[in-house]
Amino acid sequence: NKSRKRRNRLSFLGAATVEPPKPIPLTWKTEKPVWVNQWPLPKQKLEALHLLANEQLEKGHIEPSFSPWNSPVFVIQKKSGKWRMLTDLRAVNAVIQPMGPLQPGLPSPAMIPKDWPLIIIDLKDCFFTIPLAEQDCEKFAFTIPAINNKEPATRFQWKVLPQGMLNSPTICQTFVGRALQPVREKFSDCYIIHYIDDILCAAETRDKLIDCYTFLQAEVANAGLAIASDKIQTSTPFHYLGMQIENRKIKQQKIEIRKDTLKTLNDFQKLLGDINWIRPTLGIPTYAMSNLFSILRGDSDLNSKRILTPEATKEIKLVEEKIQSAQINRIDPLAPLQLLIFATAHSPTGIIIQNTDLVEWSFLPHSTVKTFTLYLDQIATLIGQTRLRIIKLCGNDPDKIVVPLTKEQVRQAFINSGAWQIGLANFVGIIDNHYPKTKIFQFLKLTTWILPKITRREPLENALTVFTDGSSNGKAAYTGPKERVIKTPYQSAQRAELVAVITVLQDFDQPINIISDSAYVVQATRDVETALIKYSMDDQLNQLFNLLQQTVRKRNFPFYITHIRAHTNLPGPLTKANEQADLLVSSALIKAQELHALTHVNAAGLKNKFDVTWKQAKDIVQHCTQCQILHLPTQEAGVNPRGLCPNALWQMDVTHVPSFGRLSYVHVTVDTYSHFIWATCQTGESTSHVKKHLLSCFAVMGVPEKIKTDNGPGYCSKAFQKFLSQWKISHTTGIPYNSQGQAIVERTNRTLKTQLVKQKEGGDSKECTTPQMQLNLALYTLNFLNIYRNQTTTSAEQHLTGKKNSPHEGKLIWWKDNKNKTWEIGKVITWGRGFACVSPGENQLPVWIPTRHLKFYNEPIGDAKKRASTEMVTPVTWMDNPIEIYVNDSVWVPGPIDDRCPAKPEEEGMMINISIGYRYPPICLGRAPGCLMPAVQNWLVEVPTVSPISRFTYHMVSGMSLRPRVNYLQDFSYQRSLKFRPKGKPCPKEIPKESKNTEVLVWEECVANSAVILQNNEFGTIIDWAPRGQFYHNCSGQTQSCPSAQVSPAVDSDLTESLDKHKHKKLQSFYPWEWGEKGISTPRPKIVSPVSGPEHPELWRLTVASHHIRIWSGNQTLETRDCKPFYTIDLNSSLTVPLQSCVKPPYMLVVGNIVIKPDSQTITCENCRLLTCIDSTFNWQHRILLVRAREGVWIPVSMDRPWEASPSVHILTEVLKGVLNRSKRFIFTLIAVIMGLIAVTATAAVAGVALHSSVQSVNFVNDWQKNSTRLWNSQSSIDQKLANQINDLRQTVIWMGDRLMSLEHRFQLQCDWNTSDFCITPQIYNESEHHWDMVRRHLQGREDNLTLDISKLKEQIFEASKAHLNLVPGTEAIAGVADGLANLNPVTWVKTIGSTTIINLILILVCLFCLLLVCRCTQQLRRDSDHRERAMMTMAVLSKRKGGNVGKSKRDQIVTVSV
């Protein structure tokens, strides 16, 4: 009765009314209808098609259609005699967006636990039970034609998934997978495999299996699917996915391989593909199928003929035997898996076992990517491949890996083999070399060549040393204890050298050290002993490599081989011995060197006269110090090489002029030095036409040294090469299908065609009737009449005389080395439009440089000569050490604290324009490419409570931090690519108790579980390992579906909305809320690509100050709703903390529209501000760039003292106000001071203008320098005549004291003329009291009162002068000022500040005239005031004595103003 009940339950298929499944819409690349005409069908097939269509119509699978889409339909007859209808959907599939595969491979039945009972079912007409989306049905219409079109065709469209549609398998898998999902959730301890429409269920007991199957039946029926009752399997043997499954064993189903159909490459390709598919079950090693794989070699045409060789027939027989006998085992879910690696012939073999039961085989491909693949590398590759397979099968790494290596060999492999390190990366199991004792693996054919036995990696002691060499003439030789020359059939120097090494290994039966000048041969010989040699289409190379491997393996004594550079002319016995080997294969080398030393003949002449290779000839010329400047320079990126003299380099091409008729093939040649053009019209472009054209060119232009052409057949033929060799002409070609290498002649083609059109359409010469006459007229115009840009002579004159005017020839220049990314100094050889040829220095080849990579070299002037060439301001990059950023809060934010920040940071800053370069990616914050974007980040303190309602009390901190580009990096491949995990303790799972105090947060330096990417683009990759927490639903233990997406309780990360607008957050869910990441840690971003730099834990303090930090407090409560627990989190903003972040000198913040250009590695910013601090008033529409000033330079950020528009007018006005009668001695001293002050204030005014608008550039300073001496000498004479008339300067003393505060800091306009076009003037901002303040207070309000305390005034002036300024006699001061102002040009300053200064200059002249009149009047007042004269004389004596004393000090010198 019990068994009858089970049978009844198994036969139950369900009869409940079900809802149709919801269709999945398709995505289309285009909505334009696709119509493919239906082809005619025979009457028999047409009748069958009508019957099948009516059948499908009755079942509701199709419906009548009037769709504008159409696909052909046809029928085929099965072996049973039934007909099957198929639709050709290739055209429709082409416009469907693919969904992608959901199951990229077959599931392995070996993972089914052993002895578990099984049930296997097949879904009936699965595709036809799944509906199409209504809007997609019309796309799958088809037409049933009528014979002779005697009636309208019948049209239908599919309502269900049609067979052959691109996404039908994916949609089918999705529908079936949805139907099985409740079964998987309810019976999670059962093992269910689903592939397309085949379903396998396994359970530990029979009863549980019946329960699972019954539930599965109902779910499948509810989903609208039907089970094929005749395909239910309930007893062994089971057949599933081509396998025969028993209680413990799994075998391949019996199949027969037909050999009579194996005739073409396509046939064998399909056969080997099928065999490879089942090899993991059969266990056929790669070496056992080598002959079958060899049949695939040769012609790649799929229809090319292939023959089944006897050896390959034996291997097919082996496959058939394995199909009959091979078996694998189902696993024990409680036992661990192991991986065994066997050192089989050809390549290693891997076996996955459990105890002694075989689970699966693993093999490497027969063909490799590299020419030589070391056996140890193959083992490592197989380990990595099989580890991934095991993880895919069961989700875990193997517990043990057994390898054919000793413990010491494994240790050495970890040290020396990169492939081994990759294959065993992150493996934590056991690595062993003891294989299990079983006979199932004994049939494997093992090899002993795993690690090198004969080849050594270090030189051998007390061994012979042999030098080898080979030549392209076929000679191979070695020298050492004896010499030998071998004649080989090879025309390759490397193959001849390979023969020399093989001969040495055969001739010397003892330990030897081999030295070769071929790096290729050295590397091949080192690796060949244990390597798998890749098959090559070159039979000669295959023979050589196989002979080399056999020779090495047959040796009884070890050898060592190394590489030496040839033709280096270095001293020492190794170089001499290698030259001796060279002489054995090329005795002409010495003669070529002697001839070049005598005549300096070029490389082409040496190659033609002597039997030397091109490399040897070029080496001789390049090592000659006399020839390097005349040798054709090497090519730089972006520049077409040009000749340095006439006929050094030609470019030649063929263009077409259709109007010439039969002679439309115009052959054009241009000399790249003079741009002289010659062209001939031919009837074709074959080699004979090219030679005819060149002979014409030789008659007109001469014979060139080198010609560059494209890869046309006329230029690449042997006849053309022979023709060039007869004329001793070198020939090169450009990159195929890329005309940029022929840019000069391509542009010449366009110029010539344009000239022909001009002369034909607008010329008056009617006598030029033939094509050659028209061509000659155009060439005469271009060569003898036209003068091109940047030239002063015609192309013909340049070609005949060899003289080319270059305005920059011989000048020093800065040129950029793109390889090293550095700027170097060189000398210009020639200069053209967009290019230049530069000589880097002695014994170096010239290089061609595009003009965008050139800068003029300017001799440093003034104090700049003594300074290093570094920019005034440099950006702080990710490779620099982290800087300190100070905050004004020590409770909520960690870091250095400084409360002395400016009270109003928004008022600081100067407007500047800046343009600087960088080497490594700069640190930039804001919305811009290359800048890190700020965003909101949350940190949480979680305090458990004892309340039955409230589960937790949360104290959360929200603030600005750095936005990740993506969320958590769960991608395994990327985690492996990081190759490191920062050192440091992981973030704690629970917050320390002391951090639960909401008044103080304990910030820790901890590492999160995974990194986030802050930036990943052309500027580099920036990552951060700081924890980033979010609330999420805890769905663990739930049986129903539960959303698991993380939800952020904080404000939106859009920075356009202020944090202050959010006061409350509420989160509700039927599931408890959990915090995703514990720990309170600051972000620590670092660059990992293209370079790896240090961490920068300080940057986030700049972002956190841009908005208030917010403190949230709240509880998570638990209540009951609908008989279910309901969780609510209420968070309220309880506190906001304003912050201010600052940097300190020499660091600054450049704020504005910063643009970073990675191609030129420059940073530009117009109208930016210089800041030291930011706070919540900062607008993130701007960007922040961290910069560092040059050492010893202070950049002004606060200058609340405005500059006068015209300092000279102000000085003279002050002088006129306080003209008094004074001693002439004291006047001279004050004159010197005034002149110095005029110069200083002029310099300061110009510096202020430069600081505000960045007007100063290199040209500006050069202009200034040229005219400075003449202008200032003239100005000095005028000022001196004026100064002789001044008697007293009472108010000027006060004004002088004010200016001395600035003068003591020695204004300097510090620029680097060769590396930067931007100047910033340093000025120290200091509000401390100055000594001259006392003098000012003593004299203020005394304009009309002459009763001064002269003694006290003298004492104050003396103390102030002694502390700040040394007054010396006037003549010395004038000379010192004139010398210090040698590089100051006020004319350029006048031009810069515009018409306002012109008016000021006019006012100065007027004031000077008025001053002369006043001075005349004051001379009359001297006789009326004797007591005043005596007072002034006293001051003069004081000044003289003071000046003399100070002048003796070597430390204190005259007033200098440096520019």
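Sequential numbering from 1, following the chain as shown.
Heads up, the Cβ atoms here are built off N, Cα and C, so glycines get one too.
Among the features that Swiss-Prot reports, domain 'Reverse transcriptase' is placed at 57-245.
Summarising the annotation, Swiss-Prot assigns motif 'LPQG' to 161-164. Sequence-remote contacts of a segment are chain residues at least 6 beyond its ends whose Cβ falls under 8 Å from one of its Cβ atoms, and for the motif 'LPQG' (161-164) they are 86-89, 93, 127-128, 130-132, 140, 171-172.
DSSP places the residues of the motif 'YXDD' (195-198) in helix, strand and coil in these numbers: 0 helix, 2 strand, 2 coil. Residues annotated as motif 'YXDD' in Swiss-Prot: 195-198.
The domain 'RNase H type-1' annotation in Swiss-Prot covers 460-590.
The Mg(2+) 1 binding site annotation in Swiss-Prot covers Asp469, Glu497, Asp517. In three-state terms derived from DSSP, Glu497 (Mg(2+) 1 binding site) belongs to a helical segment.
Positions annotated as zinc finger by Swiss-Prot: 587-628.
Residues or ranges marked as Zn(2+) binding site by Swiss-Prot: His596, His600, Cys624, Cys627.
Per Swiss-Prot, the feature domain 'Integrase catalytic' maps to 642-803.
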- Neighbourhood of Glu497 (Mg(2+) 1 binding site), C-beta criterion under 8 angstroms, separation at least six: Thr468, Asp469, Gly470, Ala476, Ser516, Asp517, Ser518, Val521
- For the binding-site residues listed here (Asp469, Asp517), which one has the lowest count of neighbouring CB atoms within 10 Å of its own CB? Asp517
- Query: Averaged over the domain 'RNase H type-1' (460-590), what pLDDT does the prediction give?
  - Reply: 82
- Task: With H, G and I counted as helix, E and B as strand and the rest as coil, say where DSSP puts Asp517 (Mg(2+) 1 binding site).
- Result: coil
- Query: What are the helix, strand and coil residue counts for the motif 'LPQG' (161-164) according to DSSP?
  - Reply: 0 helix, 0 strand, 4 coil
